[in-house]
Amino acid sequence: STMRERETTDPLHSSTDLSEGKLRLKQEVGLISGVSLIAGTMIGSGIFMSPEWVLHHMGNPASSLLIWAACGLLATFGALSYAELGTIIKESGGEYIYILRIFGSFPAFLFAYTSVILVRPAGLAAVCLSFAEYAIAPFYPGCSSPQVAIKCTAAACILILTIINCLNVRLATSVMNIFTAAKLLALLVIVVGGLVLLAKGQTQSFQNGFQGTTAGIGAVGVAFYQGLWSYDGWNNLNYVTEELKKPEVTLPRALMIAIPLVTCLYLLVNVSYLAAMTPSELLSSGAVAVTWGDKVLGSWAWLISLSVALSTFGSSNGTFFSGGRVCYIAAREGHMPDILSMAHVRCLTPSPALLFTSAMSLIMITSGSFTSIVNFFSFMAWLFYGMTISGLLYLKIKKPELPRSYKVPIIIPIIVLMAAVYLVLAPIIDQPQVEILYIVLFIFSGIIFYFPLVRFKYHPRFLERVTLHLQLLLEVAPTTKDAN
């Protein structure tokens with residue numbers, strides 16, 4: 001094996017033994033926290049911002065609703081496939097650890113390099129920018145908020161999340177639970193409001209629902225990108241498998257509760273939007289949920305802005321919680337600097353990895369629009385989702401004897417793999433963009449770092465001194481890991 005081996009015990013059990021030089025993170029995530037992590041991350045800015053873009057690319061309400069339903073089904077199929085992977089490979093790290101164990105060190109490094117530097121920080125930056133836009137909107141009535149104010153608020157959001165997640169795992173999961181409950185309540189308000197409007201006969205948006213449907217494969221692919229952005233987070237529990245209580249039970253059970261729940265809510269919320277607005281009104285709305293609130297709630301419309309801000313903050317917390325773990329696990333396997341694999345000696349959190357993720361996200365905030373970040377993020381994500389699902393198919397066909405507490409029918413990962421191939425290729429075939437070439441070049445630029453630093457283990461002396469000083473400054477120590 002080209003990756004560095006570390007002889008230790010499971011790093012994520014709830015105890016410490018500093019007398020033996022061992023430091024472990026805690027198993028703090030139960031079923032409720034697991035459902036909150038998935039649903040809380042999925043329900044972020046997407047359902048409040050993406051509906052107009054899905055409708056724009058599909059051309060009519062009925063086909064846009066079909067896209068939302070198909071996205072939910074695809075997320076469910078993907079999550080069920082990941083649940084089997086999580087019961088075979090009981091380690092944190094999500095796609096990274098699965099690619100590493102199945103395909104080896106080189107593709108896993110390319111994933112970690114791309115995810116840690118670009119994909120995760122870009123996703124977190126997009127959600128925090130959405131939070132900032134809704135949070136400060138009440139202070140600038142009748143005009144658009146200044147970009148400086150939006151970016152400063154987004155940066156403050158990231159710094160607060162960094163403090164919360166570095167202090168305590170239980171504090172971070174408590175924040176997730178509270179904000180998930182708040183955002184579910186907000187979505188229920190929109191759902192009930194929509195049902196009342198439908199009962200009053202406001203169904204004009206659904207008449208001739210399929211008229212003018214877009215047929216281009218590229219447009220449908222981009223519509224899927226926008227819809228799937230709202231479902232992103234369905235795989236987040238796999239990033240913290242080692243921190244789950246009874247992962248073989250908690251992982252599949254939490255997935256089967258959270259994702260169908262979110263799918264039903266998304267469909268009902270979209271129906272509510274279309275009941276309150278005509279398709280043209282929805283398309284011209286800069287913030288769909290706020291427009292809905294103005295039309296339905298009147299003087300209480302400010303509740304929607306508050307709810308969206310709470311929702312996006314909670315989603316940011318979930319994205320940050322799981323994203324920091326990818327960096328931490330990759331460093332633990334020797335694919336990132338050693339300092340990122342360490343944990344705080346008292347708080348027992350992977351604080352260096354969280355601080356690095358925070359720094360990269362702050363850089364991302366300075367550039368890029370919401371839509372461009374979403375399309376960029378989705379292309380990269382589904383490229384690696386496809387690779388991970390193909391790994392599951394390999395294990396099911398070549399190594400059926402591996403012990404697993406949960407099995408998904410083989411047709412489900414096949415459908416997910418076909419969808420991933422479509423989502424990666426459709427925009428390229430229909431409307432080739434030079435940005436896609438830049439993304440591919442960035443992924444393979446990881447070769448420059450892989451061979452000297454990982455393959456041939458060249459470690460400059462000055463990096464060791466820097467690691468030592470950072471270790472003393474941050475009060476962190478190496479963590480232990482299950483050798484199996």
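Glycine is treated like the rest: Cβ placed from N, Cα and C.
Taken verbatim from TrEMBL:
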- 29-50: transmembrane segment (TRANSMEM)
- 62-83: transmembrane segment (TRANSMEM)
- 95-116: transmembrane segment (TRANSMEM)
- 152-172: transmembrane segment (TRANSMEM)
- 178-199: transmembrane segment (TRANSMEM)
- 254-276: transmembrane segment (TRANSMEM)
- 296-315: transmembrane segment (TRANSMEM)
- 352-370: transmembrane segment (TRANSMEM)
- 376-395: transmembrane segment (TRANSMEM)
- 407-429: transmembrane segment (TRANSMEM)
- 435-453: transmembrane segment (TRANSMEM)
Non-local residues, at least 6 beyond the ends, that sit with Cβ under 8 Å of the transmembrane segment (95-116): 1-3, 85, 89, 235, 238, 326-327, 329-330, 333, 335-336, 356-357, 360, 380, 384-385, 387-388, 391-392, 394-395, 442-444, 446-447, 449-450, 454-455
Distal contacts, the transmembrane segment (62-83) - CB-CB under 8 A, six or more residues away: 38, 42, 51, 54-55, 94, 206, 209-210, 213-214, 220, 223-224, 227-228, 230-231, 234-235, 238, 251-252, 255-256, 259-260, 262-263, 266-267, 270-271, 385, 388-389, 392, 406, 408, 412-413, 415-416, 419
Stretch contact, the transmembrane segment (178-199) with the transmembrane segment (29-50), Cβ-Cβ under 8 Å, 3+ pairs: yes
Distant-in-sequence neighbours of the transmembrane segment (407-429), which means Cβ under 8 A and at least six residues beyond its ends: 74, 77-78, 80-81, 83-84, 217-218, 220-222, 224-225, 228, 375, 378-379, 382-383, 385-386, 389-390, 392-393, 396, 436
